[in-house]
């Protein structure tokens with residue numbers, strides 16, 4: 001059975017400031033660096049063999065810290081990037097106009113073809129993150145990969161594995177540097193394919209972490 005671990009990046013400056021990041025970027029805070037070191041210690045105990053990361057700066061830095069602890073190289077995969085939030089990226093969440101807030105709500109509430117101008121839909125996000133996960137099945141037998149990605153992207157991935165719509169990600173609380181695990185299994189009695197073992201574990205962190213509504 002293939003076990004794949006999913007880690008959200010450490011806290012960033014814009015997480016703390018409640019700015020919309022999307023595929024724009026801000027550096028990890030000192031707290032985010034500490035979170036990454038704590039999740040790295042946990043990852044080392046798990047016997048991780050491969051680290052596959054979004055190529056955005058905040059995930060790169062988180063992955064570098066984990067890789068140093070695990071002694072692994074990093075593979076960067078743009079399919080693990082966060083949802084493209086278009087013209088709303090870099091904006092403070094409380095500064096949105098009524099029209100802009102409607103764009104955001106249509107996107108996260110699952111309105112058909114909902115998207116922010118110049119951004120992408122939840123279905124487009126789902127297609128690419130699920131394709132990235134599926135690529136893990138091509139790794140050598142006995143591999144135990146860890147994917148470093150983003151809150152909405154990972155929430156979307158876990159939701160769709162559970163058979164929920166992509167926009168159901170908002171019902172999951174995946175805090176900074178939380179660990180989730182999904183397994184690929186072939187079983188006559190249990191669900192074949194990808195199953196969710198755990199989601200949003202933060203037992204390795206020594207202080208509260210921000211959730212997606214606080215980014």
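Here the Cβ of each residue, glycine as well, is placed from N, Cα and C on the backbone.
Taken from Swiss-Prot, the feature active site, tele-phosphohistidine intermediate applies to 9, supported by sequence analysis. According to DSSP, residue 9 (active site, tele-phosphohistidine intermediate) is assigned to coil rather than to any helix or strand.
The active site, proton donor/acceptor annotation in Swiss-Prot covers 82 and is backed by sequence analysis. In sequence order, 21, 22, 23, 54, 56, 149, 150, 151, 152, 153 constitute the residues six or more apart from residue 82 (active site, proton donor/acceptor) in its chain with CB-CB distances below 8 Å.
Under the heading substrate binding site, Swiss-Prot lists 8-15, 21-22, 58, 60, 82-85, 104-105, 151-152, citing sequence analysis as support. In the shown protein chains, 30 other C-beta atoms lie within 10 A of the C-beta of residue 9 (active site, tele-phosphohistidine intermediate).
The site 'Transition state stabilizer' annotation in Swiss-Prot covers 150 and is backed by sequence analysis.
Fewest Cβ neighbours within 10 Å among the binding-site residues 22, 151: this applies to 22. Cβ neighbour count for residue 8 (substrate binding site) (all protein chains, 10 Å cutoff from its Cβ): 32. For the pair formed by residue 85 (substrate binding site) and residue 9 (active site, tele-phosphohistidine intermediate), distance between Cα atoms is given as 18 Å, rounded to the nearest Å.
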